[in-house]
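Lifted from Swiss-Prot, the feature list:
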| type | residues | note |
| --- | --- | --- |
| SIGNAL | 1-22 | signal peptide |
| DISULFID | Cys54-Cys65 | disulfide bond |
| DISULFID | Cys60-Cys70 | disulfide bond |
Amino acid sequence: MWHLKLFAVLVICLLLAVQVHGSPIPELSSAKRRPRRMTPFWRAVSLRPIGASCRDDSECLTRLCRKRRCSLSVAQE
């Protein structure tokens, strides 16, 4: 009789171990991490030269984006 009780306990432990092993691991949310900010050095290095394509003034080395190109002067002929 004690063999059946021991067998039942072992089967239950085995089933619980399989359930724990098969459970998904919780993933760390990427929203909790702060994105790294660019240092002033890398911000300056990443700026685009005169004549490169741009979307706004902040992308150009001269801070002048005219007609989607980094410009040297404000007035365009």
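The backbone N, Cα and C atoms fix where each Cβ goes, and this holds for glycine too.
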Same-chain residues at least 6 positions away from Cys70 (disulfide bond) with a Cβ under 8 Å from its Cβ, in sequence order, are Arg48, Pro49, Ile50, Gly51, Ala52, Ser53, Cys54, Glu59, Cys60, Leu61, Thr62, Leu64
Let me know the DSSP-derived helix, strand or coil state of Cys65 (disulfide bond), please.
strand
Tell me which residues of the chain lie with their Cβ under 8 angstroms from that of Cys65 (disulfide bond), as long as they are six or more apart in sequence?
Cys54, Arg55, Asp56, Asp57, Glu59, Ser71
